[in-house]
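Copied from TrEMBL, the annotated features are:
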ACT_SITE  LYS147  active site, for sulfotransferase activity
BINDING   LYS147, GLY148, GLY149, THR150, ARG151, ARG228, SER236, LYS353, GLY354, ARG355, THR356, HIS357  3'-phosphoadenylyl sulfate binding site
COMPBIAS  86-96  compositional bias 'Pro residues'
COMPBIAS  123-133  compositional bias 'Low complexity'
DISULFID  CYS336-CYS348  disulfide bond
DOMAIN    138-373  domain 'Sulfotransferase'
Amino acid sequence: MGQRLSGGRSCLDVPGRLLPQPLPPPPPVRRKLALLFAMLCVWLYMFLYSCAGSCAAAPGLLLLGSGSRAAHDPPALATAPDRTPPRLPFRAPPATPLASGKEMAEGAASPEEQSPEVPDSPSPISSFFSGSGSKQLPQAIIIGVKKGGTRALLEFLRVHPDVRAVGAEPHFFDRSYDKGLAWYRDLMPRTLDGQITMEKTPSYFVTREAPARISAMSKDTKLIVVVRDPVTRAISDYTQTLSKRPDIPTFESLTFKNRTTGLIDTSWSAIQIGIYAKHLEHWLRHFPIRQMLFVSGERLISDPAGELGRVQDFLGLKRIITDKHFYFNKTKGFPCLKKAEGSSRPHCLGKTKGRTHPEIDREVVRRLREFYRPFNLKFYQMTGHDFGWD
């Protein structure tokens, strides 16, 4: 087919050394280094991505911040967003010994209940992600109730990668509303698209102004209420105060206006908080019942994964928090996390949780159960859920 060359070879018979040769395979060491570099890039990306939302809320990383921006700003009276004038301090009249005891019993607040004066500055890592993460007003709030299990619920929820929550109780809608929504937003951690911003302040549930104020912020806010047997809750409330002020009157003397007649003193906050039906009526004037989830404080202890499943469904989250995240601490008497947010170590709530309750007169407990029974039944009807306290 082609011309014959000298020596009897065809013109197509070109020596192999003149044809293009394939590149030799890369040495094994080079291939391993390339793979290692790719894995390192993936790991670094995942690490920085996780920090974008969580570092602002992690206590250890908050220490990297530069301090409060408003630490040196002079205080000033401001008008609240609802146009109400600022409230001026007043001097209370002298109190009777028993009234003074009640004030002492109601005045002790745990550290987590203290209102933050100014927002914390973001950590350097959070500031690095300011372009991709942003601070949002909360889409969901745990509004109550005190000594119901709100801290446990928040700590459990923070394990979920799509939940970002401020650690301290902001107390914005009850104590700091005059500081404005911009101040409130600045308290929140940075979040990415698809993540939910949350906070918890149990006193909102019993604050008359809170429902209207939260509705004014957003009518779509999802509300979570952790409720507990009101008698047990009242004793737990008293126990917390007693640990801080051992000289307060006895639980029995604070419970009754008149021990002889058995008239319950509903002005004492430890008793008043447990009248759930009364407080719920105020919330239903501003929010439909479908926007509220009522979590059982008892089942949060006996079946934390089950209750967390309901909460994740309510928030529209994938069910990631399951039984594998919990173990039961026999010493404290409630479940703990095998791995807390931002840690690989087991985590239980602090020593202020799970205190041993003082022995209360059985007759007092019986009278309290009789007092709460009609309110409990009404609460069951309003929520469509029987919590089994009676």
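Cβ atoms here come from the backbone N, Cα and C positions, even for glycine.
TrEMBL feature annotations superimposed on the structure.
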residue: LYS147; record: active site, for sulfotransferase activity; CB count, 10 Å: 24
residue: GLY149; record: 3'-phosphoadenylyl sulfate binding site; CB count, 10 Å: 28
residue: ARG151; record: 3'-phosphoadenylyl sulfate binding site; CB count, 10 Å: 21
residue: SER236; record: 3'-phosphoadenylyl sulfate binding site; CB count, 10 Å: 21
residue: CYS336; record: disulfide bond; CB count, 10 Å: 20
residue: CYS348; record: disulfide bond; CB count, 10 Å: 18
residue: THR356; record: 3'-phosphoadenylyl sulfate binding site; CB count, 10 Å: 7
Could you state the CA-to-CA distance between SER236 (3'-phosphoadenylyl sulfate binding site) and CYS348 (disulfide bond) to the nearest Å? 18
Rounded mean pLDDT within the domain 'Sulfotransferase' (138-373) lands at 93
One should report the C-alpha separation between ARG151 (3'-phosphoadenylyl sulfate binding site) and CYS336 (disulfide bond), rounded to whole angstrom, as 12
Specify the nearest of the recorded positions LYS147, CYS336, CYS348 to THR356 (3'-phosphoadenylyl sulfate binding site), where nearness means the distance between Cα atoms. LYS147
